[in-house]
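Trainee: Take a look at the following structure, please.
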Amino acid sequence: DPCGHCVGGMCTKDTGYCDYGCEDGWFGGSCNLQCFQNCSKCSSKDECLMCKSGLAGSRCDMKCPEICSSCSQDMISDEIVCSECAAGYSQPQKNCSCTMSKCTNVEETLGFRVCEKCEANTGWYLSQGSCCPCKHCAGGNQFCSSNGTCLNGCEPHYYPKEQGCDVFCDIDHCVWCEPFFGYGKVCVGCESGYYLDTDGQCNSCSEHCKGGSTKCHPTTGVCIDECEDGWFGDKCDTTCHEKYCAVCDDIEKTCHQCREGFYGEHCTKNCLKNCTKCSKETGSCLECVRGRYAEDCSKMCLNCLKDDCQVTGECLFGCKEGWFGSHCDQRCPEGCSKCSNSDSCEECFIQETLLNGKCYSSCSKCFHGMCSSDGKCKQGCVDGWHGTKCDLPCPAECSKCNSSDSCDACLHGFELEGSKCISTCKNCKDQICSADGVCDNGCKAGWVGSKCIEKCVEHCISCADGLNCDECLSGYQLLENRCVAGCSFCLQDKCDLATGNCHFGCKEGHYGPQCIELCPKGCRTCDSMETCTSCSLGFHMVNFKCVPICENCYSCQRDVKTDVYLCNICKEGYYAKNGVCQKCSITCKNSACERTTAQCLEGCIDGWTGLLCNIPEDGTKLPVTACEGSCLTCNADTRQCSSCIAGMWGKSCEQKCPSHCSVCDQQTGQCMVVCSKYCQKSVNMVSCNNVTGACLQGCQDGWYGDQCQNMCAQNCIDKECDRTTGHCTKGCSPGWKGFTCSEANKMPAVPSVAMIAVAVVAAIVVVAIIISTFVFCRFRKKRLDEKEHSYTNVTYSSNAPSQYTNNGFMLDSVM
């Protein structure tokens, strides 16, 4: 159709030009060119004259507000403005924001509804018979008059043009604008950090004003305070001529004050090390770096809070716990965390009790809470505790004891046998049973029977008869009424379902071939109950054991450089050496020593002398010496380290092992592995390569692999297997097969009664068929024999017509 998109389908026949223009969405003389999407009238493919209903913008890609039925884009502000309002809204010139819904008094005039009054103090005002919203009034839109004027002025960045604060001030960094001759705007106030110049523009304050860029006059830009070091002028925008000069007179070219760290006439000399500010003339230190004091800043204020003090050594923020004095160099009384003198305490450490200005050991475990000043209980201990200070717990089931492994009396539900408390209902749930031994609340997991004396099968926690399991322990799964190892604690949950041995090792906190054994408390990973390989948060490794951080310590802090926790104040019976609390010498009387020097407080035990009680009186014993720092063992004479604690290496055990290993070579620092406890030991007790972990002498019985990390399959006879491959060398237990006896060997099924009956009937039928066939064949043979005998009496004639018999002979007719 040549006039396809012409209005009314009308066009000139010869030229194809449309007589009355194009339909919506098309343009060109013949209306054969399509406008872009959402444009209803256009003059070219890039210029739209009218968008489809509800859309606006040069590309018709902007939606009209819901209160507009049609809209357009303002050519100056680019804002979308309403051309016509939707039902319920009015005044397109106010962007259709006015409505009758906020009207409290409506009058009918010539059929039109006209508003006479709007809701009071709600942010609406009366305009041309409807209620329009107040906009951007300072303090809230409720603060506007009945004619729409904001009573307290406009909020920042808005100013009034017609009514209310309806115009946005888009001048950079300007907060307050005013109309300019009715059509423009001018800035009258800038945001913080800027000042207003004579051209009405907001300029940034100088960054060299002291106190920051916000510190300048809002109209002149003059810095309110002084300039930063090295700058001068009203606006602090000019530098001193000397490089390290802080305050200068540029006219006389003289420097009055140097920048921090420099001194001299031209500020070219460096202050002493650790000195941040020194006298311009003499270079003597006026201020030290944080944590230092003295004229040469050589002393450290270690006991000051925040490690901060004046150049005189006086602490700026007070003292750390356990210290007092202006320089925090005097120690508080024993057990005291806060004091003002050496005679009276204000606060005690958490383990101590404050009484009449002194700190005493807590007496909470003493009978009637009574103890002496040294913490010793006067009338014995409450149930469950023992020791002179009642600070040692009895065994869990004891009510009274004299040691940690011997009971004198038992808790309810237990009875004393020798020095041990034995449960009277040990297998009962909650250990409650009747007089005849019947468990009232059932059995503990793994036991069955009325008296809970029958044990379920291995690894089973619930069973009906002791043989067939209903529920297995965590880490095991039910298979044919028995519990086999599962993969719950294996990495990636991958294991051999027949043996339960984990393929890729254990999850954190577990060890063993099936990863069902729990590591000791504090271990994140371990090889056994005796050997931790990494520690949990809050613990650190000492000799392959994970011990709590700050052990035997009242308070400690982390050294950010070495990531080691160093103790400030040790508990009684310990002293601090290199930040670690070490036990007082056993040669000190009552093992009591001073917490920082290790000097014995109550003298020496018999046979020893010296401040440290480390010198034998008769010369027959070797002196008692303590190894320094991170040494585990050392030479008694030279104190030279012979072995280091876990995680350290070096001649003096002063260097940390790499972060990925807990043990390293003492000489080289090379990462070493902990040998598996299942490696076979040699004559010199060496069991594995300490770099690869490979076992040198093979594995102990029942284990295989390079590091003897795999257990021989439980289904191997005698649990013996090849120590390299895991192949069961003596064969498999009944019911199992395969290289590692991990495949179930299904036994032939036992036939049922029905199957036996069917087989018997089938056999009878077969026999009957055989007998019938035999009888039939005998009978047929007999008939054939009789016929053959009759043929011998027949007379043949050559003239008679011949016939073929069934047996292939040609016979004449019988005469």
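Counting begins at 1 with the first residue displayed.
Glycine is no exception: its Cβ is also placed from the backbone N, Cα and C atoms.
Keep in mind that TrEMBL annotations are predicted by a computer and have not been checked by a curator.
What TrEMBL shows for this protein is this:
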- 63-97: domain 'EGF-like' (DOMAIN)
- 270-298: domain 'EGF-like' (DOMAIN)
- 300-329: domain 'EGF-like' (DOMAIN)
- 358-391: domain 'EGF-like' (DOMAIN)
- 393-422: domain 'EGF-like' (DOMAIN)
- 424-453: domain 'EGF-like' (DOMAIN)
- 455-484: domain 'EGF-like' (DOMAIN)
- 518-547: domain 'EGF-like' (DOMAIN)
- 549-582: domain 'EGF-like' (DOMAIN)
- 626-654: domain 'EGF-like' (DOMAIN)
- 670-709: domain 'EGF-like' (DOMAIN)
- 711-742: domain 'EGF-like' (DOMAIN)
- 753-777: transmembrane segment (TRANSMEM)
Trainee: Taking contact to mean three or more C-beta pairs under 8 angstroms, with sequence separation of 6 or more, is the domain 'EGF-like' (549-582) in contact with the domain 'EGF-like' (711-742)?
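Mentor: These two stretches do not touch.
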Trainee: Could you tell me the mean pLDDT over the domain 'EGF-like' (518-547), as a whole number?
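Mentor: Mean pLDDT for the domain 'EGF-like' (518-547): 84.
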Trainee: Who are the long-range neighbours of the domain 'EGF-like' (455-484) in its own chain, taking Cβ under 8 Å and residues 6 or more past its ends?
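Mentor: Long-range Cβ neighbours of the domain 'EGF-like' (455-484): 445-449, 497-498, 500, 514-516.
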Trainee: From the DSSP assignment alone, can you count helix, strand and coil residues within the domain 'EGF-like' (670-709)?
Mentor: 0 helix, 8 strand, 32 coil
Trainee: With Cβ-Cβ distances below 8 Å as the criterion, list the same-chain residues six or more beyond the ends of the domain 'EGF-like' (711-742) that contact it, or say none.
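Mentor: 496-501, 513-514, 698-699, 701-705.
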Trainee: Pull the DSSP breakdown for the domain 'EGF-like' (424-453) and write it out as helix, strand, coil residue counts.
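Mentor: For that range the per-state counts are 3 helix, 6 strand, 21 coil.
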Trainee: Summarise the domain 'EGF-like' (518-547) by DSSP state, stating how many residues are helix, strand and coil.
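Mentor: DSSP composition of the domain 'EGF-like' (518-547): 0 helix, 16 strand, 14 coil.
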